[in-house]
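Student: What TrEMBL records for this protein is below:
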type     : residues  : note
SIGNAL   : 1-19      : signal peptide
DOMAIN   : 41-88     : domain 'Fibronectin type-II'
DOMAIN   : 94-142    : domain 'Fibronectin type-II'
DISULFID : C99-C125  : disulfide bond
DISULFID : C113-C140 : disulfide bond
REGION   : 717-741   : region 'Disordered'
COMPBIAS : 718-730   : compositional bias 'Low complexity'
Amino acid sequence: MRVILQLSVYAFVTVVALAGVPDPNVCVPLPYLPGTINGNSNGAPCSPWYMYKSVNTTGCISTKDQQGPWCATTQDYDKDKKWGNCAGTTGGNGNGAPCVFPFKFQDDMINQCIFSGPPQPGAWCSTTADFDKDQKWGLCPDVGQNLPTLPDKFQAKINWQNTLTKSSLYLEEYYDKVNDFASMTTMGLSATGKKTTTITSFKTKEVFKVYEDGEMCVVSPLDPTNDVAFPFKVLNGSDFIMSAGDSLKFGKDYQEVYLGKDTVNGVAVNHWTACVFRPEMGDATLNIEYYWSDPDSWSTASGMSTVPVQAVITGKRTDAFGQPATVSQIYDFAFFSDELPDGASEKVFQTPRGYVCDGRKNEKKLPKVPDRFSFRSEQISESAGTVQNIDEWYDFNAKLFRMDFIPQGQLIYQGFGNRPLSTVHDFYTGTAYVMDRYYGNCTVMPIPDGGVDTVNNGAANYTQIRDPMQFFDFSGETYYYEGTGSARHIGADIYSSRRTDWDGIMSIWEWYFSKDGWTLEDGLRPEYNEPIRLVVRIPATMPGGQDDVSVLNIFNFDDSPMDYSAFDVSLCYRDLPQRTFRFVIVGDKSYVEGNWFAFKYLVLNAIEDFTGLRPIRTQDVSVEIDPNSHLIFFTFTMLDVSPLTGIPGAEFVPQTPNEVPLNVAASKLIATINSNNMSILMTKDDFSTTTMLQAMPGEIYESVKFDNGTVVFIKAGSSTPVTPPSTNSPHSGPSKYILSQ
């Protein structure tokens, strides 16, 4: 990154020499002269010019009046008689001799310290009258007061005044050289009482201009030739505003000359001046007066030894219409500190929330969305003053979705009252199971369109499950990485998008994902880069109106392997065919104890592989372990095909899904176990060892309910009631892992 605020002297003078020279009708660069020793001026610097024997004189001179090279320290030696000897040089080959002015260099007579030529680096002078002949030189001593230099980071609060138009603006500026950011917020620049914020990212070489009055953000590339920290802004085709970093741009950048002590706004200050030519500002010739607090007689609010108090800029330039314009500005610094406010990286160096900077460079991609997950959401409508909590489960590969909620404002389920509902959508068959947990009843219907989980495929005219990107409304939208922030006190990466397809109006979407370094213990394993918040903002359409803001907070986001008991729809099959089986598995039960979820998950996967039964059709699972043997008892219920399967022309229902009939699935299970073909590979929790568990042939039983209500078990394939193997010590572990329903 190029140095923004503190170019070397030689680099700056080279730029000026190539760009042009100041207009002499505005100001003339003062000679760069050394300080003094001896004399009667207490070490004051040479005056840039002074009257000596009624002649306007510059530089150090040698006369009979004083011993050795000397200069006046006021502008009228004839009157004041203030003088000092020119201080000696350092370095070079002049052995500490003082500068001799004028001296001959490349056939020109030089009357000040210079920055170009063979002797390098820094300002230098000849220690004899003829450098071309003698080649004797040294580095010039300090010129009066040491010039303050801008820190690598700072904040400034400024009142800017245009004395020609009798107008003022309020500016806040922040600069961070280490992290390559700068920011300037201006109150009243584009509209009275409105903010305009300019943020410069040197890292991405972009400039972001955010206009509060137009609620817009404009992105432009950073000019690689611009040596200032912030861009300037043209006002009304004639005025312009420098940043504090530019208006204070010195530390030998502008060849400033120290003019002594003064008082500004009641503050004791040191005073410098500079004459500057800036071609990129409309060939501007500017006379800049700098005032910094005097560290010897003034203490500052920020604790810095010295701070800027005022900068006065006058001059001429060519405006945006090619017309000559006069410059007359005052920058009064109300506060200046070399410390940035807490959270500056998020508060001042990032574009404000609620704005989308279309076309900006994306420093980070959206996190990958998993194919399965569950979470609880808190939906807040600020305009309506409502809060709604919803639980959701989603499995794209299984084509299943569940949502538990109270249908407040949910048009697709408005006919079900305001009681808690649990809805399961089976997209394989197009079936929606709507369960009223309060009354214990169930309604089976086609999946309605317009849900958070649905998308209409158009051509076939039925509803499909959204893929993971569609589920979070990422598909087809451009999301820009805005930076970092926090949500619910969790560090977050923030992505934003401007959308016009949501309810047919323009809206701004901001997604928050937990950022690197944060671990969320929400499931069976640690979770990283999880979605934690969505903010949807609809800008106000009327002046002075309030934006319509909705917030979705996401809790307990879990992308662990799905527990399919979440999709239990057995309540809807009380009067429909179903079959309940118990079979025996033998093996090292230590692999099951403490790993119940994995065991259940693997057994159900094996049942699906052998029978073709989808997870929604295997419910009411329970597991028992015989404490006196290696026997494990697995009980579950098979549900019949969807009640809607095969309904001709049913809206949103795919036609003739390939569902395995209940009795066919039961026969496949019995045959698989009795032929000794069901094996379960289990792994220890620490993944150190594995073992094979085996379903015992001949040990599969089915529950049968007689007309009188009696329930008995029969050996599968038989009609004779039997007492199946069991234990009186059923496992009573967490219901999350073992569900006996």
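Cβ from N, Cα, C; glycine included.
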Student: For the C-alpha pair, I'd like the distance in angstrom between C99 (disulfide bond) and C140 (disulfide bond), rounded off.
Tutor: 7
Student: Check the disulfide-bonded residues C99, C113, C125, C140 for other C-beta atoms within 10 angstroms of each C-beta and report the one with the most.
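Tutor: Highest number of other Cβ atoms within 10 Å: C125.
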Student: What is the pLDDT of the domain 'Fibronectin type-II' (41-88) when averaged and given as a whole number?
Tutor: 85
Student: Could you give the number of helix, strand and coil residues in the domain 'Fibronectin type-II' (41-88) as assigned by DSSP?
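Tutor: Reading the DSSP string over the domain 'Fibronectin type-II' (41-88) gives 4 helix, 17 strand, 27 coil.
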Student: DSSP three-state call for C125 (disulfide bond): helix, strand or coil?
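Tutor: DSSP assigns C125 (disulfide bond) to strand.
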Student: Take the C-alpha atoms of C113 (disulfide bond) and C125 (disulfide bond) and report the distance between them in angstrom, rounded.
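Tutor: With distance taken Cα to Cα, C125 (disulfide bond) is 5 Å from C113 (disulfide bond).
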Student: Whole-number Å only: compute the distance from the Cα of C125 (disulfide bond) to the Cα of C140 (disulfide bond).
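Tutor: C125 (disulfide bond) to C140 (disulfide bond), Cα-Cα distance: 6 Å.
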